[in-house]
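*Asks:* Here it is, the structure, as structure tokens.
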């Protein structure tokens, strides 16, 4: 082959590689800017609290509340049965906190979209701290209450398949509270169903059930943990 042709081909390849790298960097930077505008950050280490209190379903989120007990939504639990599995705080790594079988599902009898699951204590696949659920997953405590304008955060797995089960945190404020419903403006997407809504002390004030995926929306909703909701949860915590 002509030496000049080889040199030109190598130069063209170098330029293409360089441009591709630049494009990838631009896409990544654009995504980071978009997330910053939404007050969303990717969690780097899910083995520390509060991130290790969150669990993943195939297309939704849940979180631990005391021994072997998980909270999520009824519209999530309806797709699961006893013996199905959940994964503890993955972050692109399905075995990060262990994989556990569900052994009981209790849906709230009212209209509120909340469900309590109990899982087997011993993992099907071990986590970073062994096979025990309670050693790999740190449970949240209930907040005493919440009020309008409180700062909150939502932790979960938005678009889990697309984001390869990476965990994200979004921040915002409480916009309204009425009965068992809490509205907030932290950004959420499909997959955030079942995410904990936490105050600045990382105490849980509610569980996300839905939203409209719009920046600044005040219509993202959570089941607010009123005394009657807390009582239901307490009755279904494994003793």
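Cβ coordinates come from backbone N, Cα and C, glycine included.
Per Swiss-Prot, signal peptide is recorded for 1-36. Annotation comment: Swiss-Prot describes 75, 113, 193 as active site, charge relay system, evidence class similarity to another entry.
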*Asks:* Once the DSSP letters are reduced so that anything not helix or strand counts as coil, what is residue 75 (active site, charge relay system)?
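*Replies:* SS state of residue 75 (active site, charge relay system) = helix.
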*Asks:* Calculate the distance in Å between the alpha carbons (Cα) of residue 75 (active site, charge relay system) and residue 193 (active site, charge relay system), and round it to a whole number.
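*Replies:* Counting only the Cα atoms, the answer is 9 Å.
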*Asks:* Are there residues of the same chain, six or more positions away from residue 113 (active site, charge relay system), whose CB falls under 8 angstroms from its CB, and which are they?
*Replies:* 73, 74, 75, 209, 210, 223
*Asks:* Long-range neighbours only, meaning 6 or more apart in sequence with Cβ under 8 Å: which ones does residue 193 (active site, charge relay system) have?
*Replies:* 60, 61, 72, 73, 75, 76, 208, 209, 210
